[in-house]
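Q: Just lifted these from Swiss-Prot, have a look:
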BINDING   11, 12, 13, 124, 163, 191, 246, 291  UDP-N-acetyl-alpha-D-glucosamine binding site
């Protein structure tokens, strides 16, 4: 049986694109093993639930940590490479595919030491540290979003793999043309919520007049009551639903006329494939400010408005909402431009690349 080892750890932005590829590889008859970290809380829940064998190594990052960890990093990396080398000798995969997180560095290096083909996928518009390390050593590098840096122009942009359910909903999505009635606003701060959006969006909505809105606001854990209270006095509200978590994001995107959210790589790809106008507020402390670069992918195509968090706090969100919500044609134009950025074949393209290294049938 053909085997692939997938390495992805830490955040959903790394894990969920890898999971989409893993599921498709399994459907194609491949055995899939997964590498995470011993501290990886997300992969320790998600990967076994998807019925993939999960292996782990002792590997930690250096960003945001003290000098001691940085000084010991060469030894930590060498130890992790040896662990990965042993694992690869045991599993004997035909190909290794990395999707981000610190486990990818030692696994990618171990794969090259053993002569195992290495496929690297980078989700963000600014490549992460492990991608920068592995790209010169990889057999194939594929990008989820365009990277503006000149040295990355040689690599193909294939898009970010997305969940099957969301892609199915996107295929059924019709072009938006809500010419009258209430407009639907979706506010998403990520799985943990975003306090700045919980405060700024209600204030901006209360300043509106002459429109009617249905607002669905995902606020994060234990913020439901205070966020809902912040909307008191908003005369333009037809309906308001504040929730800690949205189970079906595909349905939420499908019904939205405008989304106000952060600018993670998967969010950018989901907005594009669903064809929705957006106001993007990048997380200001993201590594290498990669969310601002992600947001510019849609902004540069006329599909989104980019608002730095400092401007949101200073009240710019009010002006943008007034402008967009009183010009429905502008919203539909942005939605159409967003759809033009979509790359729904990302999963299949990555799967095809990995399958290039399958065993001969002879």
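Indices start at 1 and increase along the chain as displayed.
Note that Cβ sites are derived from N, Cα and C of the backbone, with glycine treated the same way.
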Q: Count the Cβ atoms, other than its own, that fall within 10 Å of the Cβ of residue 124 (UDP-N-acetyl-alpha-D-glucosamine binding site), considering every protein chain shown.
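A: The answer is 28 other Cβ atoms.
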Q: So among the binding-site residues 12, 13, 291, who's got the most Cβ atoms within 10 Å?
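A: The residue with the densest Cβ neighbourhood is 291.
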Q: In sequence order, which residues at least six apart in the same chain have a CB under 8 Å from the CB of residue 163 (UDP-N-acetyl-alpha-D-glucosamine binding site)?
A: 16, 20, 250
Q: Please report the DSSP secondary structure of residue 13 (UDP-N-acetyl-alpha-D-glucosamine binding site), reduced to three states.
A: helix
